[in-house]
Amino acid sequence: MARRPLVMGNWKLNGSKAFTKELIEGLKAELHDVTGCDVAIAPPVMYLGTAEAALSGCGCSCGGKSVIQLGAQNVDINVKGAFTGDISTEMLKDFGAKYIIIGHSERRTYHKESDEFVAKKFGALKEAGLVPVLCIGESEAENEAGKTEEVCARQIDAVINALGVEAFNGAVIAYEPIWAIGTGKSATPAQAQAVHAFIRGHIAAKSQAVAEQVIIQYGGSVNDANAAELFTQPDIDGALVGGASLKAPAFAVIVKAAAAAKN
């Protein structure tokens, strides 16, 4: 089946009110006529309100609804209560966020989030009607030890074991080899495709139908120079973009490359 690609920008810990407005205005100008690719941005949660306002009334033929959708970089498993500093699914929905990143290696590493905890976040998002963007991927040491597939399978199985394979219906997986995140080193298109094919095959062992529709993004130093070649690969359904998402022209090139390759 034809899968509609998704290119998502993860701003990480970057931005300000002024930056958010300026970048979104640039993105709207660059992307207003793009079709055939879903686009989302995940600014810091403090700027979701600013982003929501900036995205409304885009002034093009879409009837006032921007082609760019909102996302977020994290969520808690609790809906409300005494959980200082946390953000709930309902709060994210209140600002129109749809695509929510979970399991990013920076969260797994710096905040000690386990596979099982990430799976709980996945379940909370599904229950709330939001789209989980599940990040998986191996470290450089694991890659060199030939454990890439083992690590990816373990991180996917945490969700399957907790929620069943059907939980991946309408969900997104982002394969981000940790050794490629923010390093300037990217997996080659062939390397990335091999892992993406493994991921899809691993899910297909439980359900072919689920595997065929799940969006599998590549992430890890994706930029305007390497995106087009990555998107020629059959199992790469878009990208989760870090640094390059902070510049409207570069991010637009990536989005347009996905739209061109997959349509």
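From the backbone N, Cα and C atoms, a Cβ is placed for every residue, glycine too.
Ser221 is the residue from Ser207, Ser221 that Swiss-Prot records in the substrate site together with Asn10, Trp11, Lys12, Gly182, Gly242, Gly243. Under DSSP, Gly243 (substrate binding site) is assigned to a helix (H, G or I) in the three-state scheme.
Asn10 (substrate binding site) has a Cβ environment of 27 other Cβ atoms inside 10 Å.
Between the listed recorded positions, namely His104, Gly182, Ser221, the fewest other CB atoms within 10 angstroms of a CB are found at Gly182.
In sequence order, the recorded positions near Glu176 (active site, proton acceptor) (Cα within 10 Å of its Cα) are His104, Ser221, drawn from Asn10, Trp11, His104, Ser221.
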